């Protein structure tokens with residue numbers, strides 16, 4: 001049986017009166033796959049590991065391995081001996097900064113957490129505050145349970161106070177720690193927001209702040225924008241957008257990439273958030289980044305604008321009005337396959353739009369490139385191309401669909417009927433069915449094209465498919481167009497039943513069908 005979620009989505013492809021927003025596809029399985037690759041995205045949590053020579057690290061590891069944690073905790077508690085206390089806290093920090101299996105759980109069990117948190121309040125000893133904040137940052141970089149232990153120890157309000165410290169290194173370390181806590185997930189994110197993190201964080205976005213510090217601030221903003229179950233509070237988004245609008249001009253690549261990822265997370269949260277991003281005025285600054293020389297900037301920008309065009313036709317038009325399509329010839333033939341796939345996914349949501357938007361894709365000369373990806377891309381890219389083609393056959397007028405056929409879509413489209421993915425087969429069959437329904441007087445010529453590329457053989461075989469939806473569509477196509485029934489009048493423009501497609505009577509395309 002067909003997957004029920006897919007069935008709900010596909011039913012919109014069989015009805016000319018469909019809600020066009022429903023044709024647009026959010027990232028579904030594409031999201032899962034892309035989110036797995038953290039090299040392309042910003043990490044949710046980061047440990048502060050100092051750069052040291054590997055032999056130095058071996059020496060440090062040897063000396064630390066013999067550390068008695070009970071003794072360490074006792075020394076860390078010696079408020080009346082500041083030098084010894086600082087040394088003990090520093091040792092704990094070094095243990096947690098080890099690049100190989102830091103003993104986070106062992107230190108938590110040792111009972112050092114409350115001591116580290118207490119040291120955050122030692123304004124008379126900024127070095128102690130800094131070392132404690134660093135140690136807590138690295139504990140919070142661990143698992144969700146480890147991060148929660150830092151929160152439960154009462155660290156968050158104290159970190160927020162440290163954002164006002166006169167010592168810049170202490171401020172920066174507090175920002176880093178809060179970034180790890182916020183990055184744990186929506187629950188802790190919202191807790192830190194409620195305690196008032198946003199305004200002091202944004203106060204660090206100024207010219208005299210060192211680049212390393214500003215990178216950390218931008219990364220924390222990314223974590224504030226991340227997660228959509230639930231999304232960040234609307235008020236927080238309102239407060240962050242002006243900052244992102246400013247940071248998108250930054251010359252530092254790391255800051256720029258994080259800024260664009262933040263925008264991509266916000267645009268992934270539904271139409272209301274998409275509209276807020278549009279209203280902030282950032283879209284015209286985002287579009288040129290599609291051709292940025294750094295691939296990681298392109299990747300993030302493509303994701304952000306791709307999310308915007310999952311919105312309404314009006315929201316999609318904002319992107320098109322910024323000349324976005326002029327960037328796509330290069331993106332569709334990008335050496336990095338993942339960018340090709342994202343570019344085709346973007347266009348599948350444009351071809352799901354109104355006929356003016358479909359025409360914009362045609363006028364930009366992108367159909368041959370979509371078809372090339374349909375023919376030669378890897379399977380995930382071909383899958384996105386199948387959606388782009390099928391969407392066009394639903395929302396496009398007869399002349400637009402005829403253009404698609406003239407560009408040579410039929411052979412590579414039919415080739416996909418051999419794949420093992422039931423969803424793709426169904427999308428292709430629906431696209432073929434829609435083309436046949438629109439063909440009018442040219443239906444025989446279209447049938448011949450399908451036969452000549454062995455498409456008919458493939459459709460006939462699909463009548464035996466396990467998936468009942470595929471079997472039904474294949475059977476209907478054969479029955480209606482390839483059964484040799486002399487009673488059918490090919491000159492009649494076909495009209496389908498309630499689950500099918502009928503022509504828009506207002507179209508200015510001649511009723512006799514395609515002109516190939």
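Backbone N, Cα and C define each Cβ position, glycine as well.
Listed ranges 1-59, 60-118; the one TrEMBL annotates as region 'Disordered' is 1-59.
Per-residue confidence over the repeat 'ARM' (154-181) averages out at a pLDDT of 98. Long-range Cβ contacts of the repeat 'ARM' (281-319) within its own chain (Cβ-Cβ under 8 Å, at least 6 residues beyond either end) map to 20-21, 24-27, 34, 40, 241, 244-245, 248-249, 253, 256-257, 260-261, 263-264, 267-268, 271, 274-275, 327-328, 330-331, 334, 336, 338-339, 342-343, 345-346, 349-350, 353-354, 357. According to DSSP, the secondary structure content of the repeat 'ARM' (281-319) in residues is 30 helix, 0 strand, 9 coil.
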